[in-house]
Amino acid sequence: MNMEVRTRYAPSPTGFMHVGNLRTALYEYLIAKSQGGKFILRIEDTDQERLVDGAVEVIYRTLDMVGLKHDEGPDVGGEYGPYVQSQRKDMYKPYAEQLVKEGKAYYCFCTKERLDALHQEQGVGGGYDRHCRDLPQEEVDRLLAQGVPYVIRQKMPLEGSTTFQDAVYGEITVENKELEDQILLKADGYPTYNFANVIDDHSMHITHVVRGCEYLSSAPKYNLLYEAFGWEVPTYVHLPLIMGKNEDGSVSKLSKRHGATSFEDLMADGYLPEAVTNYIALLGWCPKDNQEMFTLEGLAESFSIDGISKSPAVFDYDKLTWFNGEYIRGKSPEEFLQLAKPYFRQAFPDTEAPYPKLVEILQPRVTRLTQIPEMIGFFQKLPGYEKELFINKKSKTNLENSKEVLEDTIALLEALPNWNHDGIHDCLIQYAQEKGLKNGTVMWPVRIAAAGQLVTPGGAIEILEILGREESLRRLRLGLAKL
Ligand code: GLU
């Protein structure tokens, strides 16, 4: 049978998008798109206590920014809606009741007090003792008629084992006696997550279920549910953990102390959505030819499940930064200006910044947009600096020749008719030639005096040009006064 590939991204609206969730979404999208299939968005909001205002918007916005367009979902509709779990509330109970009728599930009337006591007695790790599993039918009918609150539990097989295939982790077998008679329907009529996801995935015709490996231990229970209903089991694709590098060189599960862990925080740190997408695609998936730079379309062409690795992936911020620099340099100057403008404004709040010049010096050097204000802060305000900055071996400068160069160049620049790149360039280079000095011996002190700091984006000429005549000369004179 030639079945259409259908994957779903099923986030719980928590208010942020962890990079692990984003990777899940991306892989679901790529698995579908690489096979001409459909990518579905389903919001899993049944844990009403954890609901966060605006959280669903974060999901839409993130998917939109990275370009993961869903074919079906709460906002765009589709054949198998509703696509919000809380709006499906009434769909689950009949399925649970069907299993009860078929003897594969049962009503459990145990009170909270009884369960608490049981828990106390057994300590951690003890499961439900199956007290209600074999209640006589009359007893069940009586309690139901009395309106005693109940949950519905799955009857796990007491013997044998359950085996399932995972596309990444291979064949996995667990002993059935290890599996608890899990709750399918809660006393409030809501399904548990473990039940709802199976019903939803089946009724939405999902063919590939992609999720983090923290769900691997629940997969046998899901498998038994599919079997209990006689439904086809989807292809399971569990993804490895994402780790972070600790200072001592060890790795542990990625958390805030390693750096930004959510898409929003990465954006706030000056990364571009394309760079994050490209990098995250490679966190656990290896293309056949080790290619690194991928557009989303390119990923959709190359992606295949057999390239997913089960070994934990380490989130490397330096590598992400490298990708980001590549993407920044790949932009047109106009695109870069649009991205950089908010950051330019931080350094040039009041004045119209010399945007095109800033683009010219910054685009080749910036690797994260948030570096910009710091890189260009000196244009706005000359930092305090020590005169020792004028000493540089490679440029052959010392305090004496720096003083002389500043004296001479101030005079020459004062007389310069046109304050532009070529004018400043010719003036300084000619001076170096006439004096028999290396260009660097002239440029170094001029740049230091103009910027007041060692490392600058752009050289002396660009900096003078951006500062303008008046401010440049003021700074050069201040530098000279230090000497
Ligand atoms: N709502 C679950 C989560 O956000 C989804 C897990 C799954 O993909 O089944 O973790």
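The backbone N, Cα and C atoms fix where each Cβ goes, and this holds for glycine too.
For Cys108, Cys110, Cys132, Asp134, the entry in TrEMBL reads Zn(2+) binding site. In sequence order, Tyr128, His131, Cys132 constitute the residues six or more apart from Cys110 (Zn(2+) binding site) in its chain with CB-CB distances below 8 Å.
Around the Cβ of Lys256 (ATP binding site), 10 further Cβ atoms fall within 10 Å across all displayed protein chains. Mapped onto three states, the DSSP output places Lys256 (ATP binding site) in helix. Per TrEMBL, ATP binding site is recorded for Lys256.
Annotation source TrEMBL lists domain 'Glutamyl/glutaminyl-tRNA synthetase class Ib catalytic' at 4-322.
Residue counts for the domain 'Aminoacyl-tRNA synthetase class I anticodon-binding' (335-479) under DSSP, split into helix (H, G, I), strand (E, B) and coil, are 100 helix, 2 strand, 43 coil. Look at TrEMBL and you will find 335-479 tagged as domain 'Aminoacyl-tRNA synthetase class I anticodon-binding'.
Note on the motif ''HIGH' region' (11-21): residues 43-45, 47, 50-56, 58-59, 62, 212, 239, 241-242, 254, 261-266, 276, 280, 283, 315 of its chain, located 6 or more positions outside it, place their CB under 8 angstroms from a CB of the stretch. Marked as motif ''HIGH' region' by TrEMBL: 11-21.
Long-range contacts of the motif ''KMSKS' region' (253-257) within the same chain, counting only residues at least 6 positions beyond its ends with a Cβ under 8 Å from a Cβ of the stretch, are 19-20, 241-244, 315. As annotated by TrEMBL, motif ''KMSKS' region' applies to 253-257.
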**Asked** What is the Cβ neighbour count of Cys132 (Zn(2+) binding site) at a 10 Å cut-off, with all protein chains included?
**Response** 19
**Request:** Could you state the whole-number distance in Å separating the C-alpha atoms of Asp134 (Zn(2+) binding site) and Lys256 (ATP binding site)?
**Result:** 48
**Request:** Taking helix as H, G and I and strand as E and B in DSSP, count the residues of the motif ''HIGH' region' (11-21) in helix, strand and coil.
**Result:** 3 helix, 1 strand, 7 coil
**Per-residue pLDDT averaged over the domain 'Glutamyl/glutaminyl-tRNA synthetase class Ib catalytic' (4-322), given as an integer** = 95
**Prompt:** Since the record lists Cys108, Asp134 as binding-site residues, which of them has the fewest other Cβ atoms within 10 Å of its Cβ?
**Reply:** Asp134
